[in-house]
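Chemist: After the C-alpha cells below, expect a handful of questions from me.
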Amino acid sequence: MKLVEVKHPLVKHKLGLMRAADISTKNFRELATEVGSLLTYEATSDLETEKVIIDGWCGDVEIDRIKGKKVTVVPILRAGLGMMDGVLEHIPSARISVVGMYRNEETLEPVPYFQKLASDLEERLAIVVDPMLATGGSMIATIDLLKQKGCKQIKVLVLVAAPEGIKALEAAHPDIEVYTASIDSHLNEQGYIVPGLGDAGDKIFGTK
C-alpha cells in the first residue's frame, strides 16, 4: 500500500489549527475543506495528461489535458462531507458517491446504513474522503463495497491516521493509496486517535 504523509508547511499549519480544543465549528469546517484541497493536489499529481490542440486567442495552441480520467468522490457519512468540497475545488466535474457508515461505540465495528454510488465505478478513480483513519474498520468496509461494485482504482484522503488503522487497511487492501496530513501516535481505549482532532463529525456539523 502506498502511504503518503503530506508534509507541506501549509498542511501542517492548518492541521495544527484544527487540533485546538476551542476551535469554532466555522473554522474547523473551513480548515477541513482547505486541508482536503491540499491533499487532493498531492493525490492527483500522477494523473496522466495528453497534448490537445485548441483555438487560442492568437490561433491554435497546444495544451495539456488530463487524459480520459473519470473520477468519483466518495465521502463517508457524515464527517467525510467536510472534506468533499476540497476535492471538488480541483475536480468540479467529479461524480459523488455517498457511503453511510457509523462506528458502534461498544464494539468499534463499522455499521453500514446507506449507499448511493456512481453507476460506472469500474471506469472511475474513486477518491474516498474521511477525516479520521482510526481503527480502519469503516474505511475497509467502504473499500470492500467499492470493489464489489467494480471499482479498480482507489485513493484515500484522511486528515489524520493512527498506526493501527494504517496497519489494518494495508492488510485488507494493499493495492490502494493513502494520503494523510499526519500519522498520529496511537488509539486510546475508546478508539479515538491521539492527539487527533476529537470528534471530527461533531466539530464539522456543530453537534454533540
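Note that Cβ sites are derived from N, Cα and C of the backbone, with glycine treated the same way.
So Swiss-Prot lists the following for this protein:
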type    : residues                                                                                      : note
BINDING : ARG78, ARG103, ASP130, PRO131, MET132, LEU133, ALA134, THR135, GLY136, GLY137, SER138, ASP199 : 5-phospho-alpha-D-ribose 1-diphosphate binding site
BINDING : ILE193, GLY198, ASP199, ALA200                                                                : uracil binding site
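If you look at the structure here, what lies around each of the features I listed?
Modeler: According to its DSSP assignment, ARG78 (5-phospho-alpha-D-ribose 1-diphosphate binding site) is coil. Around ARG78 (5-phospho-alpha-D-ribose 1-diphosphate binding site), taking its Cβ as the centre, 18 other Cβ atoms fall within 10 Å, counting all chains.
Long-range Cβ contacts of ILE193 (uracil binding site) within its own chain (separation 6+, distance under 8 Å): MET132, ALA134, VAL160, ALA161, ALA162, ASP184, HIS186, LEU187.
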Chemist: To the nearest whole angstrom, state the Cα distance for the pair SER138 (5-phospho-alpha-D-ribose 1-diphosphate binding site) and GLY198 (uracil binding site).
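Modeler: With the alpha carbons as reference points, the distance is 17 Å.
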Chemist: At the level of the C-alpha atoms, what whole-angstrom distance separates ALA200 (uracil binding site) and ASP130 (5-phospho-alpha-D-ribose 1-diphosphate binding site)?
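Modeler: Answer for this pair: 9 Å between alpha carbons.
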Chemist: Run through the Cβ atoms and count how many others sit within 10 Å of the one on ASP130 (5-phospho-alpha-D-ribose 1-diphosphate binding site).
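Modeler: Step by step: centre on the Cβ of ASP130 (5-phospho-alpha-D-ribose 1-diphosphate binding site), count other Cβ atoms within 10 Å, giving 27.
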Chemist: Centre the Cβ atoms of ILE193, GLY198, ASP199, ALA200, go out 8 Å, and tell me which other residues of that chain have a Cβ in range of the uracil site.
Modeler: PRO131, MET132, TYR192, GLY196, LEU197, GLY201, ASP202, LYS203
Chemist: Quick check for the class: what is the C-alpha distance, in angstrom and rounded, between ASP130 (5-phospho-alpha-D-ribose 1-diphosphate binding site) and GLY198 (uracil binding site)?
Modeler: 14
